[in-house]
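Trainee: Supplied in structure tokens, the structure appears directly below.
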Amino acid sequence: MGSDEKDFLACCGSSKFAMEMASASPFKTLEDAITTARNIWFNKVDVHGWLEAFEAHPQIGKSPSPNHKSETSAQWSKGEQTTALATATGSSLLELSDWNAKYMQKFGFVFLICASGRSTSEILTELKKRYPNRPIIEFENAAQEQMKITELRLAKLFSTKAEAASTHDQQPMALKKKAEEDRVSIIGAHLTAPSQEPADKTSQISSRTRPPITTHVLDVSRGSPAVGMDVKLEMWMNEQSRPSFDKTDTGGWVMQGFSTTDKDGRSGQLMNIVDSVNPGIYRISFNTGKYCPGGFFPYVSLVFEIRETQKSEHFHVPLLFSPFSFTTYRGS
């Protein structure tokens, strides 16, 4: 994939990051791009570059500035906050605004979190949890969250470039421009894996009432829901290979969503509500070590594949957990 600085600036607002990525481009695979991005972000971009990237993000709950230096980044930011805004109330938005202001006053930069798939209440909880941190700790937290966002956006950029290249010689100029605008709109609205449906179909209201992939955690040692367990959903995005039992599979996984189980043991939204889930290999991981520090499992990860013929189905992946054992199955 060949891209210029403008493309990479949409993924991460650091000029140094964009320049280094453009210099290292083109990338053969998404995995190569993400590996390079991580090295640049954590080893080559300095403190000023980190702050520059943080400043490119609007506060959670607010729209990007009209004079944002990257229009694509602004559209993606709006898409990343879709779930938060959909679950917000007037009072929760006011509370979020107050806490954002407190955070900014204490740390000097915007509260940064990979908001894709997270509700307003989840974001507020995380903000309050991180607020007592020392500045040096919170600076590192913000950098880690920026990297999560960058990985998601690189996946979108990689897909968009590949799709544009394949249709470059097949569309008249006007149609090509329209398709490009449609892709950006879809990406900004969903921020999930690449959609294979036409733009007019993707923009229709979904007939689902819940995301295609959900989970529910039960603590069988207590006979009750597991409350407060962190859960994340990832998708394998390396088109050149598949995750394998025999090979190290780091680098190809891209975050789709993160949540914490509620009082019923159910996670929040791990992905957007869409009619057709993108076929591919997914991994759902549970932070069992944090939930039960004295248990046997530091974490539990479940890998499963959704095939083309299953993209309209619902996949419920429950976890029945105790400190020294766990069981799972595909529910409905």
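Backbone N, Cα and C define each Cβ position, glycine as well.
Unlike curated entries, TrEMBL annotations are predicted automatically.
Annotations for this protein, taken from TrEMBL, read as follows:
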DOMAIN    7-155  domain 'Oxo-4-hydroxy-4-carboxy-5-ureidoimidazoline decarboxylase'
REGION    58-81  region 'Disordered'
COMPBIAS  62-81  compositional bias 'Polar residues'
DOMAIN    213-331  domain 'Transthyretin/hydroxyisourate hydrolase'
BINDING   His216, Arg266, Tyr329  substrate binding site
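Relative to the rest of the structure, where do these features sit?
Mentor: Its own atom aside, the Cβ of Tyr329 (substrate binding site) has 9 Cβ atoms within 10 angstroms in the protein chains shown.
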Trainee: With DSSP, how much of the domain 'Transthyretin/hydroxyisourate hydrolase' (213-331) is helix, how much strand and how much coil, in residues?
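Mentor: Helix, strand and coil residues of the domain 'Transthyretin/hydroxyisourate hydrolase' (213-331) number 7 helix, 49 strand, 63 coil.
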